[in-house]
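Engineer: So TrEMBL lists the following for this protein:
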- 120: active site, proton donor (ACT_SITE)
- 84, 108, 363: substrate binding site (BINDING)
- 204, 235: NAD(+) binding site (BINDING)
- 160: site 'Important for catalysis' (SITE)
Ligand SMILES: NC(=O)c1ccc[n+]([C@@H]2O[C@H](COP(=O)([O-])OP(=O)(O)OC[C@H]3O[C@@H](n4cnc5c(N)ncnc54)[C@H](O)[C@@H]3O)[C@@H](O)[C@H]2O)c1
């Protein structure tokens, strides 16, 4: 006899359990529901990505073999404008992760009031195992496969973990070749000579630093001499560390995928960046001592900046954190359980959707400049970036105080209200 209610081996994507990062996002959305008033009627919109594209990315390797990779592009929400979000190349990329990252982009863009929805892409690949030629073929094939849903007015990719300006140049070229016309505005984070924006490369790290300063001012923590811990020493962590040091703070420990280094007098950040360029990671840096990875989280500091991957602050290590302010450079570095633990300990968490929004803010500037083919100076860009970040911090911390909630919940209240208001005003089609 056929069972009336067949059991499924895979959970629905509306199931908050066992879903990895996407499950965490769903829990965050549930937390915000009580604050949305009448707009809560539309909340389900935020739990269902608008569109998910899964693609096969086959390439011929240099040795003549054929390799296949899993590729994704998820457009979570486009109520407020075209999709916007990066492309990640990593061996652990999953659909759940790309879904969550796309949703956090919707929230982030709305939190700082950019006229975008949220999207994200990724390929499950360890790019370090590929030659430049293989990486280019992978990028071009992936871009062709997702070409049916991206475009300057539809969805605009950008760099994320392990993708950079060169990858964006290949994406722009591939899309333009398929369209038969150069379309610089299809991706952001491009090289300056191809319609990229001054200041884009540093923008995320700069935004992290700007909101860290705002939070420190609120809490009366002086920047001069402040101790800083940075996990992830790539684009975001490396730039944030540099700006902290230039402002008189001491970066006392850094962790990346190769290990952790510590120097209580302050690591020499430019020298460490140079070391990473030559050796591929922070391990073995002569200007510091080795540190066990688990001990990194327990050091006493004013700032802790997780700027690597998601799920780094968990219920296991959060109880040991002795930092005053956590500034989330990475997307989703703190689990909801760790969030509660940090809050109980009185540690201020500046959430990812606010703290790392500087990158997409300058991506927005790049897109606007590409449309008008008129380019701004770096000073203009940095000033506009700082203005956007300060205004966003101020309105979100105001909502946090008004409702007595964390900055994360406040950012979600501000963002979800904006998205759902747009949804309501547009109405349902047809
Ligand atoms: N680049 C941007 O503009 C941007 C914008 C917003 C958010 N982010 C987020 O910031 C984070 C970092 O992005 P990025 O652009 O700096 O990437 P990146 O590739 O430049 O650097 C990533 C860093 O993380 C480290 N890392 C990787 N795995 C690790 C592990 N298991 N333990 C410790 N360190 C590890 C790497 O060694 C490297 O230092 C990601 O979560 C990304 O989504 C980036």
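From the backbone N, Cα and C atoms, a Cβ is placed for every residue, glycine too.
Can you walk me through where each of these features ends up in the structure?
Structural biologist: In sequence order, 72, 73, 74, 76, 85, 86, 87, 88, 98, 99, 101, 102, 105, 160 make up the list of same-chain residues 6 or more apart from residue 120 (active site, proton donor) whose Cβ falls under 8 Å from its Cβ.
According to DSSP, residue 363 (substrate binding site) sits within a helical segment. Residue 363 (substrate binding site) has a Cβ environment of 28 other Cβ atoms inside 10 Å.
Look at residue 204 (NAD(+) binding site): DSSP puts it in a helix.
In the three-state DSSP reading, residue 160 (site 'Important for catalysis') counts as coil.
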Engineer: Determine, to the nearest whole angstrom, how far the Cα atom of residue 84 (substrate binding site) is from the Cα atom of residue 204 (NAD(+) binding site).
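Structural biologist: The Cα atom of residue 84 (substrate binding site) is 15 Å away from the Cα atom of residue 204 (NAD(+) binding site).
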Engineer: Out of 204, 235, which of the binding-site residues is least crowded by other Cβ atoms within 10 Å?
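Structural biologist: Comparing Cβ neighbours within 10 Å for the binding-site residues 204, 235, 235 has the fewest.
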Engineer: Just the number: how many Å between the Cα atoms of residue 363 (substrate binding site) and residue 235 (NAD(+) binding site)?
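Structural biologist: Roughly 15 Å, rounded to the nearest whole number.
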Engineer: Pop the Cα-Cα gap between residue 108 (substrate binding site) and residue 235 (NAD(+) binding site) into the table, whole Å please.
Structural biologist: 19
Engineer: Sort out the sequence-distant neighbours of residue 108 (substrate binding site) for me: same chain, 6+ apart, CB within less than 8 Å of its CB, listed by position.
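Structural biologist: Correct list: 118, 352, 353, 354, 356, 357, 360, 415.
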Engineer: Does any of 84, 160, 204, 235, 363 have a Cβ within less than 6 Å of an atom of ligand 1? These are the recorded positions; tell me which, or none.
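Structural biologist: Checked recorded positions vs ligand 1; flagged 160, 204, 235.
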